[in-house]
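Database features, via TrEMBL:
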| type | residues | note |
| --- | --- | --- |
| ACT_SITE | 307 | active site |
| ACT_SITE | 354 | active site |
| ACT_SITE | 409 | active site |
């Protein structure tokens, strides 16, 4: 199975996207970047040499080109706006939002294969796209789905490692433990100890990444059922795709929930490389730690309240509104008062603002469209809609945020709650499963392109003051 295709595809796509505002044109171009090869590994073997040559040329011909300047604000402000790494799968535009290999979310919904005509993109199709830069056929997606199912067997010791923790441990703690237990079978570690040449590092990284992606839903589902249900394992269904199988193993078989899980995983898969979880995986893998070690570290970053944990905070905050007024059916004035109360207490409005985006997150928008189609009369959905009307003007008036608009977390909890997944403590695990589909491909490319150990330069506070004084 080949994880990646045309490097020239990436550069030509980016240049054309820059030249053409028409989304249809970029999608039409991408559709020409396809193949009949259903073996993803073979696809990758064709792509690697081409990408390697591009990187060599960039280093040789343009190694001294400056990409921007570094300011004190960047150094003290979480390195925001600092261009510092290459990420192949996606890029976030402040106004447009996420593009997966140049494709917007609406592009993906229109062109990537779904479980049925007009359905949401299958996670396998997003994975194929992120890896290869090509729009897969239904046959290729079905082949990849079958491949992932064949890799999804969980060793007993992984379950035992999780069982060693108290049931009361946070789901993300249990999830990271499960991933670390799977590391015992790392193909990269075995190959490295066996003396594999560095030009082939990407091959065992590919094996680890695909195995990890395949096994995460079963591990994550086991944790859910261990904490919230009877602890009984629901086996994988060979007739279902990746997203549907995850929902099924959790214990949900409503066709709408299966479809929402496909959408959820797809839109949470990748968000360029600078976010905490993605950058953490890239950083930890840079000294040649295997994908299991790197992804476990990424999950620990995802578990932070300012990153992946935000989705559970949103639902809790919405429930607190309902508890305050005894009903979700409240007036705009009541809601505005509650928002001011939240802000005056020193808290943020969860689900609003973003480090890069300056408009409504398109991941929020597609979830809203899903809700309008399937649950337009749900009281919590209607409350979410009202919150979107009230929050941005208040945040704008206060002038405390650059982006007062809703992000992806502002909506997902209400949809999950509607379909019966009400345990918000678990929501970040869902995010973690999805994020593997974006991180895995990049780790493979990092090894294929020989990306070095990441080692930025730091300064002391005194040195920074001295530099500023000198300037």
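Each Cβ is built from the backbone N, Cα and C atoms, and glycine gets one as well.
Note that TrEMBL annotation is computational and uncurated.
Predicted, not measured: the structure shown is a model, and the values here were computed from it.
Across the fold, the C-alpha of residue 409 (active site) and the C-alpha of residue 307 (active site) stand 10 Å from each other. Taking every protein chain shown into account, 307, 354 are the active-site residues, and of these the Cβ with the most other Cβ atoms within 10 Å belongs to 354. Taking the Cβ of residue 409 (active site) as centre and 10 Å as the limit, one finds 26 other Cβ atoms among all the protein chains shown. The separation of residue 307 (active site) from residue 354 (active site), Cα to Cα, is 10 Å.
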